[in-house]
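Visitor: The following feature annotations were taken from TrEMBL:
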| type | residues | note |
| --- | --- | --- |
| BINDING | C73, C77, C80 | [4Fe-4S] cluster binding site |
| DOMAIN | 59-293 | domain 'Radical SAM core' |
Amino acid sequence: MTVNTLPNVNNDLKKIADKIYNGQRISDTDGLYLFEHGSLAFVGALANHVREQKHGDTTYFNRNFHIEPTNACIYSCHFCSYSKLYAHRDEAWELSLEQMMDIVKKYDNEPVTEVHIVGGVHPKMNLEFFAELLRNIKAHRPELHIKGFTAVELDYMFRKAKKTVLEGMQYLKDAGLESLPGGGAEIFAPEVREQICADKIDGAGWLKIHQTAHELGMQSNATMLFGHVENYEHRIDHMRQLRDLQDQTNGFNTFIPLKFRNGDNDMSHVSESSLIEDMKMYAMARIYLDNFPHIKAYWPMLGRQNAQLSLSFGVNDIDGTIDDTTKIYSMAGSEEQTPSMSTEELVVLIKQAKRRPVERGTLYNVIKDYSEIVHTDLPSLN
Ligand code: V47
Ligand code: SF4
């Protein structure tokens with residue numbers, strides 16, 4: 001199919017589509033125009049083309065587990081359910097080094113390749129505490145990739161330890177930190193941050209932390225929290241700043257659009273975005289961020305079926321919080337409470353979308369291609 005065969009497409013949309021089919025970068029104005037005037041089918045077809053050019057049929061997932069050191073947080077991001085907890089510390093938890101090592105040891109006989117460490121910002125958990133955690137994990141299981149700490153957590157740790165970003169990052173790298181997750185980015189525009197997360201690190205600070213990690217040879221992810229009080233211009237502005245930094249460092253692996261969920265937080269009055277908007281966001285990310293290798297759908301937030309759908313709108317990675325010992329059937333729609341999906345379920349989910357499931361390491365090294373593996377007892381996704 002070429003752009004000229006698409007019905008109901010005006011000349012401006014056709015010009016943008018031509019750029020994309022010719023492998024050219026689109027401008028901010030193009031991006032905004034696509035957001036405002038492109039139908040889901042139109043931007044979806046373009047995003048699908050870009051994804052196919054980059055990855056063919058391959059859809060990645062990985063086997064990881066999460067550690068949340070604490071759910072208490074000194075900050076007060078209105079969209080986050082953690083922010084209420086610091087005032088009610090009795091409802092909050094904080095894990096000791098031993099407790100976190102017990103979580104790591106629980107996976108000793110599991111073929112996981114990554115631990116993802118992220119939580120609230122607790123004043124007692126400082127740089128030295130986390131460096132010790134990293135050293136302990138590496139001493140116990142050296143090959144486990146440690147992806148840890150949002151720029152928000154790092155900013156607090158470094159400032160408290162009176163270290164520069166470079167010094168703090170080098171210190172954690174030496175202790176075993178290998179890459180950074182993408183959290184804390186939200187929307188960079190100050191007028192939006194002011195409304196949703198006024199007291200934490202600003203956009204420039206977030207970008208500086210990731211830039212420093214890249215300059216030290218570490219890779220990282222980037223997120224964007226969308227579908228709350230921001231507009232399309234804010235989304236383009238956010239992605240432009242990421243695209244610019246990526247041009248400079250090439251250190252980002254994956255962009256993860258995070259759909260704002262309005263349960264159990266101070267923004268419950270803000271409606272959630274529609275499925276059409278969500279899919280359009282994935283598609284726009286794939287089209288605009290031409291220098292990002294991967295676009296990921298984080299299924300615990302989006303829901304499995306919508307994550308599956310996103311594979312037709314530019315997504316080529318479906319994360320993979322795996323716990324093969326847990327039976328998903330008992331969860332009955334409560335994905336946000338106990339996010340877990342077995343390898344088999346992830347593989348089925350990807351195959352149902354007619355894609356080739358490939359297990360990857362954190363840095364997208366291929367661990368196993370599941371395309372030829374036939375499951376005899378395929379679980380239903382319904
Ligand atoms: O920064 C908080 C988001 C992020 C809500 O890098 C919310 O591989 C939606 O960044 N609705 C943290 N989102 C999680 C994160 C992440 C997740 C998975 C993989 C990776 C990765 C990174 O969660 C926060 C914030 O943007 N968040 N509250 C909410 N109500
Ligand atoms: Fe939640 Fe992170 Fe904000 Fe803390 S900094 S309130 S954990 S989003």
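Cβ atoms are placed via backbone N, Cα and C, with glycine included.
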Visitor: Across all the protein chains here, work out how many other Cβ atoms are within 10 Å of the Cβ of C73 ([4Fe-4S] cluster binding site).
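Guide: A count of 24.
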Visitor: Restricting to the domain 'Radical SAM core' (59-293), report the mean pLDDT as a whole number.
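Guide: Per the prediction, mean pLDDT sits at 95 for the domain 'Radical SAM core' (59-293).
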